Amino acid sequence: MTDRLDHFIAGDHSPPANGEYLTSTNPATLETLYEFARGSADDVAKAVDSARRTFETREWRRTTPTQRGHLLRRLGDLIGENADELATLESQDNGKLLREMKGQLQGLPEYLYYYGGLADKVQGSQIPTNSPEVINFTQREPLGVVGAITPWNSPLTLTMSKLAPALAAGNTLVIKPSEYTSRTVLRVAELAYEAGFPAGAVNVVTGLGAEAGQSLVDSPQIAKISFTGSTRTGAAIARAVAPRFIGCTLELGGKSPNIVFEDADVSNAAMGVIAGIFAAAGQTCIAGSRVFAHRRIYDELLEKVTERASTIVIGDPMAPETELGPLAFANQLDKVESYVHLGVDEGGRLAYGGRRPDVGLPGYFFEPTVLTDTHNEMRICQEEIFGPVAAIMPFDTEDEVLRLANDTEYGLAAGVWTSNLQRAMRMSQRLEAGTIWTNMYRAMSPMSPRQGFKNSGVGIEHGFESMHEYTRLKSLWINTDEGPLADPFVLGR
Ligand code: NAD
C-alpha cells in the first residue's frame, strides 16, 4: 500500500482539513512513491497558529541562545545519522543522482552546526550619544513566525538555509515544501521535534503553491516570507506581501555566464562547463547555461565539452555509474525540449544532444545538449531553461564579454576561467552577479553569504549576514539623569 503522509503541525502528524491527498512520482521509473496531504488555507491557519503560540510561550521565549545552539547541533547530529536514508528519499523524489544527494545530505549537518554556533553571537551594539547622561544601544530580536517556501531541486539544503538561521535567532517556522518533494522536509520536522525543539517550533504544510503556498503568503500572522524558487513566483510573493510591509528574502532564478579566456587551462575549464550545466541535469539555480569562450580557444573548448557530453552515462539516478538522471517531472521535460526546439528555430545549431534518449526506463530523461551559433539576445540565452542545455558563444575582448555576460535580467552567479590574476579580479569586480567563481564552479557553503542581484533575488542567505534577515533591530535610549528634563520643545539627543 502507498504511504500516506500528513502535515506536521504542533509536533504531530495532522491530516488535511479537506481530506485530500496528492501523489508523488519517481521521475526515473514513474512509480508512485507516496501520497501527501493537499494543504488548504485551514491547514495553514492551524500551522501558523501553532507556530505563533509556540513563539509566544514562556518556554520558547526563555530558551537561551546557547540552548538553541545545542538544539540545532543535536538536529545536525540526527540529520547526519539519517543522511543516507534522506538522500535516497530525495533522489527518488526529484531524480537527482543518489551520489550527489548523499554528498549534499552528508554535508547538511554543517548548516546546523554553523548556525548553532552563531545562535549566541547575534548582538546589538552600544551607540555613542552627545549627552553623557544618555545611553543608547541596539538589540536584535526574533521576528516571530517565518513562512519558508522551498523548491524541489535541493529540497533539504534549501530548507536548511532558512530553518537554521531562523531557529538560531529564536523564530518559529511554517514550511511549505515543493509539491514534488515533500517527504524529506516532513521527516526533518519530525527530527527537529526529536532533537528537543518544542512542538510548534517547526511545522510543515504540504501541498500546491497556489493553495498552501499562497495561503501561507497571505497569512496575516506571518512576520516574514523566506522563499526560494522561480523569479515569477518570487515576484508574485513580493507583490502579495507589499501592503503588509513584512520582510521578504527571495532566492530566485538565474542565467549564469561561464566565461573561458584564452589563457585558461582549457581542460579544467571544460570540466567546469560540464559541472556548471550537466551536473544535476542543469536543474540548479546557478547553472552556467551561457558559456562564453574566447575565439582563440573556442573550437578546443567546444570539442572537449561535446566529447565529454557524449560519454555522460544517462540513466537510473540510484546507480553509482550514472552521471545524468531524469528531469524532475513531465512539464520540466516538455519545457526543456521546447526550449531546444526554440533555440534551433532561432538559428542555433545542435552540436550535441537535443533528444529524449532511450535508457530503458520510462522516466523524463533528456540528453546533455550543446547549442552553438547562438547569440546572447536569443530567448534561449535570456530565459532560464533549468535543464542540461548549454549555449556556447565566442567572444574577442574582455569588454565585449563583460557586456554580454551582464546583458541579462538575472545576476545570480558567474564563472571565470583565466590564469591572469589581474583579469580575474577585474572580472570579479565588474560582473553583475552575487557569486563569482574563478577557476572553479558550483561551490557553496553555509559560511559564505550569497545574494542574487537584479531579478535573481532580494536578501542574503548563508553566512553571518543571514542571521540579520531573521532578526529586527531595536534602538533603546536611557536617560540616566534624574534631574529636570531639558527644554521639551527641542529634540533630545
Ligand atoms: P516555483 O517558483 O515554481 O516553486 C517554488 C515553491 O513555491 C514551491 O514550493 C511552490 O509550491 C511554491 N509556490 C508556487 N506558486 C506559489 C504562490 N503563488 N504562492 C506561494 N508559493 C508558491 O519554483 P520551482 O520550480 O519549485 O524551483 C525552480 C526555481 O527555483 C528555478 O527558477 C531556480 O532557479 C530557483 N532556485 C533558486 C535558488 C537560489 O538560491 N537562488 C535555488 C534553487 C532554485
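Glycine residues also receive a Cβ, built from the backbone N, Cα and C atoms like all the rest.
The compositional bias 'Basic and acidic residues' annotation in TrEMBL covers 1-10.
The region 'Disordered' annotation in TrEMBL covers 1-20. Nonlocal intrachain contacts for the region 'Disordered' (1-20), taken as residues 6+ away from its ends with a CB within less than 8 angstroms of a stretch CB, comprise 32-40, 42-43, 46-47, 50, 54, 182-183, 186, 189-190, 193, 198-200, 202-207.
Residues or ranges marked as domain 'Aldehyde dehydrogenase' by TrEMBL: 20-475.
Counting only residues at least six positions away in the same chain, the Cβ atoms of LEU158, SER161, PHE227, THR228, GLY229, GLY234, CYS285, GLY452, SER456, GLY457, GLY459, GLU461 sit under 8 Å from the Cβ of GLU251 (active site). Taken from TrEMBL, the feature active site covers GLU251.
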DSSP-derived class (H/G/I helix, E/B strand, else coil) of GLU251 (active site): strand
Let's see if you can do this one: DSSP helix, strand and coil counts over the compositional bias 'Basic and acidic residues' (1-10), in that order. 0 helix, 6 strand, 4 coil
